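Participant: The domain 'Fatty acid hydroxylase' annotation in TrEMBL covers 162-284. Feature annotation from TrEMBL assigns transmembrane segment to 12-34, 61-86, 116-138, 153-173, 224-245.
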Amino acid sequence: QEEKLWDAMKITACVLGTGLLIFTALANSVSWYVQNIWDTLGHFWQTTWLKFYYLFEGKEWTIFLLGAALVPGLAFWCFNGILMVADVTGKPTFITRYRIQLGKNDPVDTKKLRQAIYTVLCNQFFVSLPMLVPMFYVMKWWGNTFSKELPTFPWFLVELSVFTLLEEILFYYTHRLVHLPLLYKHIHKKHHEWTAPIGVVSIYAHPVEHILSNTLPAMTGPMIMGSHIVSIAVWFSLAFITTSISHCGYHLPFLPSPEFHDFHHLKFNQCYGVLGVLDYLHGTDTVFRQTKAYERHRVLLSFTPLSESIPESPKRAE
């Protein structure tokens, strides 16, 4: 019995040792390739940034406006332009198959859509754009925003983590604030006109709400971190696209799940946050967790709509 135990231990040690050697060799090899790729990409982006910087002769306000307003704005409208074609025409059917609230916005009310676009443009030009002016002076005074040297990728990941955390905290509590009866009636009710949202209504809101819940949570992180304008451009673009996905009404393959925020528009008193962490801590997702929407709240890794693979339970006969 002891001999068998000893043989088993030797075999285990041999397997584990061989596995460790293989893992070490692969890890060293992979890290070497990743480092080489990163060095090449880093050099490319650094060179590109310098060309862009000298093209505008270091005019900081122009560079800031392009990075903080134009690039994110283009990301927002290009992404939502595709979604609006599907909303209005029902084509391509590849997209419309993934509708979350079946039978809603099929097709979308064009009059209501025009009103939403008008409000969104007003918010962008007459609320967001003026707010960039004080942000520009804060960044000039505090940050390294217009440095000729780009931040490293690891540092950008640190910044992105801070941005996301601050946005989650600020958005959750300001969002719950505007759900108080008085503020809801006069401010937040406008956003909830869309019980089945579409992408463009992500910033369809009263100007006060647009400042408190949409703009300040996204701006605070870069201002605290003194971020580079390239980091700001990437963060604002990501923020626009992710909030558009949350409102788009389609659970598309390989994209973040919009089920969480779509449920908020459907039920109003659940799922106030972005990531869902504070909702879990405050118990504002308990109803959501008991639904089929919660089961579907994951990244879709196939082309079968989750409304088909996880359908709603049939209603009981009265």
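Cβ atoms here come from the backbone N, Cα and C positions, even for glycine.
Remember, TrEMBL labels are computer predictions, not curated facts.
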Participant: The transmembrane segment (61-86): which same-chain residues, six or more beyond its ends, come within Cβ distance under 8 Å?
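Facilitator: Same-chain residues near the transmembrane segment (61-86) but 6 or more away: 52-53, 92, 95-96, 108, 113, 124, 128-129, 132, 135-136, 139, 145-146, 198-200, 229-230, 232-233, 236-237, 239-241, 244, 248, 250.
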Participant: Going by DSSP, how much of the domain 'Fatty acid hydroxylase' (162-284) is helix, how much is strand and how much is coil, in residues?
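Facilitator: DSSP classes over the domain 'Fatty acid hydroxylase' (162-284) add up to 86 helix, 1 strand, 36 coil.
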